[in-house]
Amino acid sequence: MSHNDTIVAQATPPGRGGVGILRISGLKAREVAEAVLGKLPKPRYADYLPFKDADGTALDQGIALWFPGPNSFTGEDVLELQGHGGPVILDLLLKRILTLPGLRIARPGEFSERAFLNDKLDLAQAEAIADLIDASSEQAARSALNSLQGAFSARVNHLVEALTHLRIYVEAAIDFPDEEIDFLSDGKIEAQLNGVIADLDAVRAEARQGSLLREGMKVVIAGRPNAGKSSLLNALAGREAAIVTDIAGTTRDVLREHIHIDGMPLHIIDTAGLRDASDEVERIGIERAWQEIEQADRVLFMVDGTTTDAVDPAEIWPDFIARLPAKLPITVVRNKADITGETLGISEVNGHSLVRLSARTGEGVDVLRNHLKQSMGFDTNMEGGFLARRRHLQALAEAAEHLQQGKSQLLGAWAGELLAEELRLAQQALSEITGEFTSDDLLGRIFSSFCIGK
């Protein structure tokens, strides 16, 4: 498909609504206006007009908005038709537009892609549009808007500019080795490099917060039957999300709840009790439980405090601990403190966190909530923060690695050429975030995840 085509798509969600919007972008948007409206509306003014079929009969009437390029969202001529939100009406209007030569349905994200290709947005800003639409909390929405307005891009561009100046300095030292001053060893380049590394570390810390805000944390509740896993899910969710009975093995399948802790998304997963399965259905449920455990960010190892006094997970259930993925964080949750009389709270046991609570009464659950937030390093004071995706974190990590390699080359052998190459690679990694250096394949993957009309 060519970027020279004129594209059209519904910009409002499918289904019935008060208003339905069709968006057209491209060279033939002007022809669409003249064919459907009978005239070209005044630029950037709302014009109330009938939307006409090919034979001149009215299909609908509504607001027409005309944005001649390059002063539009996509940088091209853009026409928006805002009519009534009935699916039949919108479908009739869409079919009418597609009878005109040179028009086609837009691919998902193609409007935003054209805005990027026409330098109306950089790649991080374009991604922020999708993140703003998908935001699941007020804090995520505010951070996505900050990214859309360029907060993240400005931080990245500042780093790129600093690296450009540093590269110029290093290249000068390489090209003029006979100067009286040895630029590589006089400490100035090292000081500048340390400054860039410190700035990059600060951006990475904020990006990790932004990624948490966007991606959330996947927490799996696991343990033996009747340990109180479903009761804990209900306590964290604040509602009766799971059936709770005294019958062991009540939960047969995976249950999922999406909550927020001070703005941080938390994906809680309740699983079937782990034991030797009594039938095929239970076996499948236990198998799914292990699949979820292997993909978790953290496991809450639920222990019935009335059955054991042990607190070390390796002592409580060594076979379970041995099967867990290496380096998977575990929080031991000793439940039923209302029965055992244990002191509520959190402590450390052999490198693992231990929380004592009562899922039935809710006592101690707030301690667990705070622990989950702190274990991910989530900061609730993110004024001016931005959202970040995993690819952003990877690019920032790659840039940091190249800068550390460059520093080693500088301090170890005063190797200017190798330092210059590491600086170039770091700059290239950062440029992938904003799209200044990005493969077509990556662009395709990013924009294909967008809504059709965006």
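Just so you know, glycine gets a Cβ as well, placed from its N, Cα and C.
Cβ contacts within 10 Å of K120 ((6S)-5-formyl-5,6,7,8-tetrahydrofolate binding site), excluding its own Cβ and spanning all protein chains shown: 19. Residues annotated as (6S)-5-formyl-5,6,7,8-tetrahydrofolate binding site in Swiss-Prot, with sequence analysis given as evidence: R23, E80, K120, K454.
What Swiss-Prot lists as K(+) binding site is N226, T245, I247, T250. Counted within 10 Å of its Cβ, the other Cβ atoms near N226 (K(+) binding site) come to 21, all protein chains included.
Summarising the annotation, Swiss-Prot assigns GTP binding site to 226-231, 245-251, 270-273, 335-338, 358-360 and lists sequence analysis as the type of evidence. In three-state terms derived from DSSP, K229 (GTP binding site) belongs to a helical segment. Using a 10 Å Cβ-Cβ cutoff, K229 (GTP binding site) registers 31 neighbours.
The Mg(2+) binding site feature in Swiss-Prot is assigned to S230, T251; the stated evidence is sequence analysis.
If you look up Swiss-Prot, you'll see 216-377 marked as domain 'TrmE-type G'. Mean predicted confidence for the domain 'TrmE-type G' (216-377): the pLDDT average there is 86.
Not a single one of the binding-site residues R23, K120, S358 has a C-alpha within 10 angstroms of the C-alpha of S230 (Mg(2+) binding site). R23 ((6S)-5-formyl-5,6,7,8-tetrahydrofolate binding site) sits 48 Å from A272 (GTP binding site), taking the CA atoms of both as reference points. Around the Cβ of A272 (GTP binding site), 27 further Cβ atoms fall within 10 Å across all displayed protein chains. Secondary structure at E80 ((6S)-5-formyl-5,6,7,8-tetrahydrofolate binding site), as computed by DSSP, is strand. All chains included, 23 other C-beta atoms sit within 10 angstroms of the C-beta of S358 (GTP binding site).
Take the CB of S230 (Mg(2+) binding site) and look out to 10 A: across all protein chains shown you find 24 other CB atoms.
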